[in-house]
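Undergrad: Copying in the features that TrEMBL gives for the protein in this structure:
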SIGNAL    1-21  signal peptide
DOMAIN    33-258  domain 'Peptidase S11 D-alanyl-D-alanine carboxypeptidase A N-terminal'
ACT_SITE  Ser63  active site, acyl-ester intermediate
ACT_SITE  Lys66  active site, proton acceptor
ACT_SITE  Ser118  active site
BINDING   Lys229  substrate binding site
REGION    283-307  region 'Disordered'
Amino acid sequence: MTQKILSLICGACIITSSLSAAYLDKETADRIKRNTDSIIAKDLNSKQLIFAKDEQKINQPASLTKIMTAMLAIESGRMNDVVTITREMIQVEPTKAGLRVGERFYLRDLVKAAMVMSANDAAMSIGVYLGDGDVDKFVGMMNRKAKAIGMKNTNFTNPCGFDSSNFGHHYSTALDLLTLSEYAIKNNAFNDMAKLKRHDFQAVNTKRKYAAYTHNKLLNNYKYAVGIKTGYTQKAGPCLIARAKKDNKDILVVMLNSEHRWNDIKTIFEDVLPDLTETKSSSHKVISHSKSTKKTASTKRKAHKIA
């Protein structure tokens with residue numbers, strides 16, 4: 001029996017290696033794996049695994065969590081509801097949109113703010129509202145949904161992605177987040193949000209205006225990118241779920257604790273889709289890390305930032 005299991009594992013490794021070679025050269029794949037704690041990349045059209053590393057390892061998903069939060073809101077059928085902001089909803093760590101107690105917003109605007117700029121006050125507002133005033137009830141909905149769609153090693157404790165000791169054991173895996181992403185991108189409303197570069201909205205009652213700008217640098221620098229979500233906490237490190245489509249290829253990548261996520265994801269996309277760039281000299285251009293001159297209403301307490 002033991003020998004049979006070992007044979008199956010070895011066979012799976014050989015298959016993964018051969019698939020990786022069909023898309024990326026070994027040196028490039030190995031370098032990207034060294035830079036990343038967990039990664040999985042898949043061609044959604046061919047259903048083939050491109051490559052993976054520790055895809056079932058427990059990690060913190062940071063704001064990738066908000067994909068589940070957004071999907072529950074979309075599927076609730078209540079996106080046109082008006083939500084009144086309470087103190088509980090805004091007592092969260094940055095990044096924040098800067099919502100104020102007593103302001104009223106369409107649920108759809110809160111979902112877009114949570115997805116586009118990773119606004120934790122927006123995500124918490126969604127959780128409290130859809131949980132009928134009890135965010136723990138919403139968290140229960142998140143975990144039931146995770147099981148229903150096949151996420152096997154995930155536990156959510158909050159709708160934002162907080163992973164400090166105050167929020168218990170909030171975790172997932174790259175494989176589970178791939179499962180979540182594949183589920184989410186079947187929804188057109190979700191896809192429309194996931195590729196937004198900016199969302200402008202206002203409070204229904206006070207008319208105070210807000211502008212949410214994306215943290216996803218690919219959307220501004222890479223024409224074949226179609227979403228989906230960034231994430232960061234000190235514990236989780238830089239995280240990214242990215243997708244690029246061209247011709248008959250649809251590539252989805254999950255990267256957890258990825259030190260060079262922007263350069264590495266662009267390398268993956270350009271090597272897997274080799275004709276994305278016009279000249280070889282531009283094919284591995286570094287994505288700029290300069291900050292936009294446009295300002296959001298997010299709080300600047302950098303030490304506890306979650307994005």
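The backbone N, Cα and C atoms fix where each Cβ goes, glycine too.
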Undergrad: Of Lys66, Lys229, the recorded positions given in the record, which has the fewest other CB atoms within 10 A of its CB?
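TA: Sparsest of the recorded positions Lys66, Lys229 by Cβ contacts within 10 Å: Lys66.
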Undergrad: Counting across all protein chains present, how many other Cβ atoms fall within 10 Å of the Cβ of Ser63 (active site, acyl-ester intermediate)?
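TA: Step by step: centre on the Cβ of Ser63 (active site, acyl-ester intermediate), count other Cβ atoms within 10 Å, giving 28.
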